[in-house]
Structure formats: structure tokens, C-alpha cells
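Notes follow once the structure below has been shown.
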Amino acid sequence: MVSSPTLRRIAVALERNPYEVVIGAGGLSRLGDELLKAGIQPGRRILVVSNPDVAAPYGEGCLQSLRQQGFHADLLVIDAGEERKTPATVAAIHDSAFEQRLERSSLMLALGGGVVGDMTGFAAATWLRGIQVIQVPTTLLAMVDAAIGGKTGVNHPGGKNLIGAFHQPSLVLIDPETLNTLPEREFRAGMAEVIKYGILGDPALFQCLEEGPEPNSAAGLGNSRLETILERSAAAKARVVAADEREGGLRAVLNYGHTFGHVVETLCGYGTWLHGEAVAIGMVAVGQLAVNRGSWTADEAGRQTQLIQRCGLPTAWPDLDPDAVLRTLQGDKKVKDGRLRFVLPMAIGRVEIRDDISRDEILHCLDQLRG
């Protein structure tokens, strides 16, 4: 087995089925080795699910690494835009699983961004009542957020991710070199989730992003700084997931910026904004809500907005009908007993969850955002 001393390892310390997030340049070539280290025995069948832009440069290398270690691997290529994140696409994955005769000992492996990871994870959760899944994210957003934690699912016309399941991966492998072929817009979208971790509990990470070269491309960050950002973000996500696997309480903080962000995605139409772009807009919106309540200072809200802009992300609220916004908010999956729950910033590095925000507060905030 090939030694891999350069790979960084982060434990997701779940009570049941703990796993590792493995980070390092060249990691994709050692994928088969890492499956063996994770206790996955050779001879098992693996359905690799990817999208065309990722499968072209990385699909064959992924299959080769798996086959060299004795796995029977096949590749399914699907369209993976946000508008394709539907039950119909999951059914296509199930069809391939049937054709490839995947058994309960078989695995699915997601090679791609957050949409591929979400759909592959959900397909694995529902095939034969659940088979193992491996996450190999190739976008920044998926690396720091979507691939870690076991949240899987697809969209419904009424809202984002309303159909889904918790299904933890057996391994997450992050190879930063795959970001070299990622379009810059998608890289910038992933930076929204990195900023989120700074707000949630890592002010040093937030300050790191404020300083030095503008963090709006992998090349601009440089290998060392990029791997540090990946490691700190993944570690932050792993800590929260380990403490609250199924979003019973603490894990809800990971939805910072997402409540308004999902409204933007839903009402503007899936695919109009990338997920991270919508989250960036949502963070600005919820920041304004917190300032209005007096729980956050205008100065720190301004720092957040400036950093979002520094990363090349949008901050302006789109022209949306306020009543449609309220209706969409009420359909959010985080609503509890009919009450909206928002993650509000209190300081850079500290947030709170509130369910006492009134309709009038939201409408006033929307008026301010529209300028």
C-alpha cells in the first residue's frame, strides 16, 4: 500500500460509523489505497457517479486507482446543474445501479460538486435501503461543506432540498488539484461557505481572508494557503457534525445565510445563482436583520459585506416580491412549529439561533435591502 505522509486527516468523530476527511494534493491518485485504509475490502463493486466536466479530466484516473486495488468500478456520467437536482436524476442513478447489479455490499462514489454529491448520497441512501457512499468533491463548496456531514437530497418545486435523507459517507477524499480546472465563478461561490465558518466560530480564518491576496481563485491563494483554508473549514464542519449529527440543535448554525439564500435560489429559479452566490446574498441579508435587532454592530456587518465582495461574490438583494419571499420562508425545512428559525450573527466568530423574528421585521429588512 502506498504511504501518503503528505495527506492531512480530519476525524469526523460520530458515535456510529466515524470516518475521515483526507486532504492533500495528488490524493485522487491514491483513492484506491484510501478505501482500503477505510476498511473497504477489495472485490466490491463501486458505481462512480460524475458529471461531464469532471469525468473528462478525472474519471479515468479515478477508475484506474480503484481497479488497481481490486475494486470493480464503473462510471456513470450525469448532468449536474442545480435544475437537474431532481428525483428523476436520482432514478437514473438507481437504473444504473440495477444494470450494474449493485448489492448491499456495493458502494456508490460521488466524483464532482455538491449537486453530484447530494444526489449520489441520496441514491445510495435509498438503494437496497442503504449502501455505503464515498464522497470525492471537486468544487470548493463541496469540499468545505456539502461532502461532509451526510446531508443528501434533491430539490422540490416548492423549495430546495425538501426531499432527502441523512446518510454519512464512509470516506471523504479532497484533492485540491481538482480545483485547478474549476471555473473561477464556482471557486468564488465556494468561498461563501468558507466565510461562513469564519463568522460561526473562527475569527482568525475570517481575518486571514481579509488579508493578503484576494481569495477569489485557487491560483491567487497558493497551495499552502488553500490547503490551510480547506483544513480549517473541514475541521469546523466536522466538529459541528460530530456534536449534532442530525441537526437537532447545534448543527442548525451551519444554515447561516442559507435561509434567505434558499429563497433567492427558489424564487430566481434554480441555476440563476450558484448556491454559494445565493448564500453570500443571504449572509448580507441576515446580517442586516441582526443589525436592526441590535445584536450585531454595523461595523462588523460592513466587514462581512466587504469580505464577500473581496471574494468576488454578489451582495445585492434581487428584486423579489416580499409576499413571495414570506411564503417561501414558511416552506423552509427549518421551520419548527410554524416558526421561522434564523441563524443571526452576534460577532465575527459567534452566532445565535432565533425563532422570534416577526413578519414585520422581515419586511422592514427587505425594504432596506432593496434600497
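Cβ from N, Cα, C; glycine included.
Binding site for Zn(2+) per Swiss-Prot: His258, His275, plus Glu193 from the candidate set Glu184, Glu193, Glu352. For Asp118 (NAD(+) binding site), applying a Cβ distance below 8 Å and a minimum sequence separation of six or more within one chain yields Lys85, Ala146, Lys151, Thr152, Gly153, Val154, Asn161, Gly164. Fewest other C-beta atoms within 10 angstroms, among the binding-site residues Val116, Leu179, are seen around Leu179. Of all the binding-site residues listed (Lys160, His258, His275), His275 sits in the most crowded Cβ setting, with the most other Cβ atoms within 10 Å.
Comparing C-alpha positions, Val116 (NAD(+) binding site) sits nearest to His275 among the binding-site residues Glu193, His258, His275. Per-site Cβ counts within 10 Å over the binding-site residues Thr139, Thr181 peak at Thr139. Sequence-distant contacts of Glu193 (Zn(2+) binding site), defined by Cβ-Cβ distance under 8 angstroms and a gap of at least six in the same chain, are Leu140, Leu141, Val144, Asp145, Ser233, Gly276, Val279.
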